[in-house]
Amino acid sequence: MKDLITILKNTRQHLMTGVSHMIPFVVAGGILLAASVMIYGEGAVPEEGTWLHDLFFIGVAGFQLMVPILAAYIGFSIADRSALAPSAIAAFIGANMYNTGFFGAIFAGLLGGIVVFYLKKIKVPAFARSVMPIFVIPIIGTFITAGAIVWGIGEPIGALTASLTDFLKGMQGSSIVVLATIMGMMIAFDMGGPVNKVAYAFVILCVGEGLYDVAGISSVAVAVPSIGMGLATFIGKKLYDANEQEAGRASILMGTMGITEGAIPFAAADPLRVIPSIMIGTAAGAVTAAILGVKSYAAWGGLIVLPVVEGRFSFVIALAVGSIVTALLVNFLKARRSSKVDEKEDDIDIDFEIN
């Protein structure tokens with residue numbers, strides 16, 4: 001029981017491992033799929049027998065693999081290589097039989113990892129130890145984990161996924177603004193950390209269900225913290241030292257590539273001013289994207305996805321709004337701090353002269 005509690009306490013770490021290994025499949029699949037549709041120019045699956053149709057299904061393959069890959073590496077994080085097959089197979093079955101999606105992948109990954117973890121603790125004769133991790137454990141682990149999906153939890157998880165999808169599809173008008181605000185703040189809060197990854201997993205779920213307006217919100221939001229902080233170093237140079245100004249240039253480049261982590265050095269140095277600023281700025285950019293109806297056909301962000309964005313001018317406007325709000329707000333807060341420090345120094349000088 002102690003081992004199980006430890007595994008569950010580290011759930012965040014296991015999920016992060018799964019998501020980090022899944023991201024290349026999402027990016028490759030999403031960009032190629034979206035590119036095929038955009039080049040085709042009719043907003044539909046390209047005609048069979050064309051190279052664009054082939055490209056489309058290469059992208060589809062990336063999307064189909066991301067759920068089992070997520071589960072596989074959640075399991076891997078818990079119990080190493082022996083958990084890869086049980087977790088991936090169970091998630092694949094859940095996605096295809098019950099449309100369990102990411103909830104099914106998380107369940108399959110955790111269950112597969114836990115099952116294999118305890119199977120590895122079974123004591124066996126020395127002659128059998130070499131075949132356990134590559135033969136016995138994967139077979140038994142797959143039977144138990146996939147069986148739990150097929151004969152147990154698969155249908156309820158599928159129903160939960162369907163309910164969430166219906167809820168998201170019903171979010172229009174003011175509701176999408178609320179969603180954009182929450183997503184923007186989550187994406188900016190820890191800049192690539194667990195909260196950010198939860199929001200990103202939500203975006204991937206939406207893309208899989210064809211909710212491209214949510215991906216449009218995210219495509220702006222992930223770029224704002226890095227670009228906004230980089231812009232701040234150009235607008236208020238006197239507020240940043242030489243190293244921070246150099247980091248600002250790198251941060252802008254990272255933002256254009258859809259990498260939120262460019263803002264981390266600034267947040268680490270001054271979290272009380274930077275984190276609220278990027279959260280508010282990112283929320284502003286996300287809400288602008290929602291209001292202007294930006295859509296993205298890829299679960300990524302930054303200027304790199306501009307070719308597969310619907311409403312490109314609106315995308316640029318939303319990105320500019322978020323980045324400018326971030327830069328102005330953080331510089332305002334930093335300037336206030338600097339003025340207060342100067343006032344204190346003046347007081348100290350006056351006191352010294354009097355004494």
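Note that Cβ sites are derived from N, Cα and C of the backbone, with glycine treated the same way.
Please treat TrEMBL annotations as automatic predictions, because they have not gone through curation.
Keep in mind the model is a prediction, meaning the values are calculated, not measured.
The domain 'PTS EIIC type-2' annotation in TrEMBL covers 11-343.
The transmembrane segment feature in TrEMBL is assigned to 22-43 (among others).
Under the heading transmembrane segment, TrEMBL lists 55-78 (among others).
Among the features that TrEMBL reports, transmembrane segment is placed at 98-119 (among others).
Among residues of the same chain six or more beyond the transmembrane segment (131-153), those with a C-beta under 8 A of the stretch's C-beta atoms are 81-87, 89-91, 93-94, 97-98, 100, 104, 107-108, 111-112, 115-116, 119-120, 124. Among the features that TrEMBL reports, transmembrane segment is placed at 131-153 (among others).
Counting same-chain residues at least six beyond the ends of the transmembrane segment (173-191), those with a Cβ under 8 angstroms from any Cβ of the stretch are 198-200, 202-203, 213-214, 217-218, 221-222, 224-225, 260-261, 263-264, 267, 275, 278-279, 281-287, 289-291, 322. Among the features that TrEMBL reports, transmembrane segment is placed at 173-191 (among others).
Cβ atoms under 8 Å from those of the transmembrane segment (198-227) belong to residues 19, 22, 26, 30, 63, 66, 101-102, 161, 164-165, 168-169, 176, 179-180, 183-184, 186-188, 191, 251-252, 254-256, 258-263, 278, 281-282, 285-286, 288-290, 293-303, 305, 309-311, 315, 318-319, 322-323, 326 of the same chain, restricted to positions at least 6 beyond its ends. The transmembrane segment feature in TrEMBL is assigned to 198-227 (among others).
For the transmembrane segment (274-293), the residues of the chain that approach it from at least six positions outside its boundaries are 176-177, 179-181, 183-185, 187-189, 191, 213, 216-221, 224-225, 228-229, 263, 266-267, 311, 314-315, 317-319, 321-327, 329-330, 333, judged by C-beta separation under 8 angstroms. TrEMBL lists 274-293 (among others) with the feature transmembrane segment.
When Cβ-Cβ distances below 8 Å are used as the criterion, the transmembrane segment (313-333) is approached by residues 184, 216, 219-221, 223-225, 227-229, 231-232, 235-236, 239, 255, 266, 273-274, 276-278, 280-286, 288-289, 292-294, 296, 303, 306 of the same chain, each at least six residues removed from its ends. Annotation comment: TrEMBL describes 313-333 (among others) as transmembrane segment.
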Within-chain partners of the transmembrane segment (98-119) [C-beta distance under 8 Å, separation at least 6 from its ends]: 3-4, 7, 11, 14-15, 18, 67-68, 70-79, 82-83, 86-88, 90-91, 136-137, 140-141, 144-145, 148-149, 153-155, 157-158, 160-162, 201, 204-205, 208
